[in-house]
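Below is one structure, written out as structure tokens; comments come after it.
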Ligand code: SF4
């Protein structure tokens, strides 16, 4: 168990930590992964539910569940797609917890959002808890700086962090519109508190907005006052939260050097959640949707090393066999929490819905929904 070993995850949906979304019991009997009927069972359950059901699949999901998705996309596109289907009674979200929360925020009260395995959290989202962020804000207030600071949170954060931004004059952003969200934020205030991904914040500020690395400081929630002096906070323009994606954070500058040696003429294309030194060495940087579009448009025979989640890279290599597409690193790395949603969990969730039992429903309370929506609407209103 995680509590005994200190490991962040539990074995596939078993055991529970009531204080975290990382390990939560699956309250039912999962079909065995070896059941040869699983694909047929999922197909039949989906057919029985018809238009009452809408299945969303994030790009980083396994092929075994993606085949049942009505639409695939990044987290924001999927939340929008859920909102565009008010007739669907059940939204089954093959993704992670914060995505299902966003879908619940953007859909009607009559719609029920289901996450097939509650243990599908996100380690990045978990790096900024509400209490930690409140503590940071209080420190900024004590330093007399909070009224100059606009909080901006990446979509990859829990609903209560989005609501915190909504309450305090801030907004949400995605990896596609981070630059526009920051431009907007700097029109409202002199500094930005960027949550929870330091790399997206730094890469956008330095590479797209012309700030220097010295304009950025990192708030460490595990140290008193974030480990920063008052002078450092006063000088900073970007206060970056000390969070990162465990998948994109694994790529290193050496991964880029290594792939250039192995594959002559390779184009290196990475996600902005990668470290700054990796992005600096890459040829192209962009969101998941940007990566897909770039490869769609790439000439046949071109070579690409992609720095993003492995399920997506494998699928892109299969989709575009005329291009030489490989994973940026030699070591394979899936997002372990995304991978929690497997076919047994999907079958269990769908068959439960057929029986009238809504399992693993994700609900965000009314006050959090209101303020998170304020922050999301500010993003949607960006030019
Ligand atoms: S890929 Fe990274 S940001 Fe996305 S869910 Fe996994 S840990 Fe979170």
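Using the three backbone atoms N, Cα and C, a Cβ is placed for every residue, glycine included.
Annotation comment: TrEMBL describes 14-33 as region 'Disordered'.
The compositional bias 'Basic and acidic residues' annotation in TrEMBL covers 14-24.
Cβ environment of residue 154 (iminosuccinate binding site): 124, 172, 173, 174, 175, 178, 194, 195, 196, 197, 200 lie under 8 Å away, each six or more residues apart in the same chain. Annotated iminosuccinate binding site per TrEMBL: 58, 75, 154, 155, 156, 175, 271, 272, 273, 288, in sequence order.
There are 24 other Cβ atoms within 10 Å of the Cβ belonging to residue 335 ([4Fe-4S] cluster binding site). Under the heading [4Fe-4S] cluster binding site, TrEMBL lists 122, 245, 335.
The sparsest Cβ neighbourhood within 10 Å, among the listed binding-site residues (58, 156, 245, 271), is found at 245. Of all Cα pairs drawn from 58, 75, 154, 155, 156, 175, 271, 272, 273, 288, which the record names as binding iminosuccinate, the longest spans 18 Å.
Closeness to ligand 1 is met by 122, 156, these being the binding-site residues among 58, 122, 154, 156, 271 whose Cβ falls under 6 Å from the molecule.
Within 8 Å of the centroid defined by the CB atoms of 122, 245, 335, the record's [4Fe-4S] cluster site, lie the Cβ atoms of 60, 96, 123, 124, 125, 156, 246, 247, 248, 309, 337, 338, excluding the listed residues themselves. When the binding-site residues 58, 156, 271, 273 are ranked by how far their Cα is from the Cα of residue 245 ([4Fe-4S] cluster binding site), 273 comes first.
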